[in-house]
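Asker: Input: one structure, supplied below.
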Amino acid sequence: MPKIHDSSCTSGLTPSQRSHVLAEALPWLLHYRDKIVVVKYGGNAMIDDELKRAFAADMVFLRAVGARPVVVHGGGPQINMMLDKVGLEGEFRGGFRVTSPEVMEYVRMVLFGKVGRELVGLINEHGPYAVGASGEDAGLFTAEKFQPEIEGELVDIGRVGSITDVDPTSLFDLIDAGRIPVVSTIAPDDDGLVYNINADTAAGALAGALDAERLVMLTNVPGLYTDWPNKDSLVSSLTPAELEELLPTLDSGMIPKMTACLDAIHNGVKAAHVIDGRVPHSVLLELMTEGGIGTMISSESYEH
């Protein structure tokens, strides 16, 4: 059965939590040494200045202790602001952004030119560590047009794609050089048309291709709820089989994240985590403490 989370672990970074990080960190520091950790950067952590800096510091910390972090990001709020600024109406169908060729140019500009560059800059305030990349670079991602089924019919939503292939060679080169790749989720198809890729999906696919130790998803909730909005239903850990059983019952916004976690695990990732990006240093609190602060999906007998 899924393990229910102690909600007291979801508060902010208190002095007690800091002391626990110090006391519990050693075995986890050893565990993650030379291991790849893919982190999907999203939610409030992307728009709050304090959280942005805390996240960047977490990535530098992981690198400093010998782990190999890779960041994958989207940029929904920033894209919305840009489209509003230039007078383009943001249209959604079935929860998916309709992405015309004109909108795609702004998506590309915002993801790689704004969101990615900003995070690279924040990380590099600590040293020359981060390098920006996109799915277009060195064949990292190959995509095809994605058409969702809405009310029983396939719908054309423009330049929205799904990943058909991942070639992580260029990222391995960066990782081996001690860099922190920051990946924007845009990708070309075989004909060179560029598509916007769901960042959750891209992070899951990339984690599998990199043979990552962990996949970490930042969200705006403390973790996975089996009965949203019942806060007592927050789950601390569960197996892939348990998650597959729960998947059809979950809130629609959580399904892409959970599907990406399952895909990553099915492709060899040891464990996936869904955490609250509104908590400063949430990545370290999840990975470097015994209890963690979010939800872990793993078929192995890891402590959280």
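Quick reminder: no glycine exception, Cβ is built from N, Cα and C everywhere.
What you are looking at is a predicted structure, and each value in this text was computed from that prediction instead of being measured.
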Asker: Can you tell which of Asn196, Asn220, Asn230 Swiss-Prot lists as binding substrate with Gly75, Gly76, Arg97?
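Answerer: Site partner of Gly75, Gly76, Arg97 for substrate, according to Swiss-Prot: Asn196.
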Asker: Among the recorded positions Lys40, Arg97, Lys257, point out the residue whose Cβ has the most other Cβ atoms within 10 Å, with all shown protein chains included in the count.
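Answerer: Answer returned by the neighbour count: Lys40.
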Asker: Are there any residues at least 6 positions away along the chain from Gly75 (substrate binding site) with a Cβ closer than 8 Å to its Cβ? List them or say none.
Answerer: Met46, Val107, Val110, Leu111, Lys114, Val115, Ser184, Ala199
Asker: Could you name the residues, excluding Gly75, Gly76, Arg97, Asn196, of the same chain that surround the substrate site, i.e. Cβ within 8 Å of the Cβ centre of those residues, in sequence order?
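Answerer: Along the chain, the qualifying residues are Gly74, Ile79, Thr99, Val107, Val110, Leu111, Ala199.
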Asker: State the three-class DSSP label for Gly76 (substrate binding site), counting H, G and I as helix, E and B as strand, and everything else as coil.
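Answerer: Assignment for Gly76 (substrate binding site) reads helix.
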Asker: Give me the CA-CA distance between Asn196 (substrate binding site) and Lys40 (site 'Transition state stabilizer'), in Å, as a whole number.
Answerer: 16
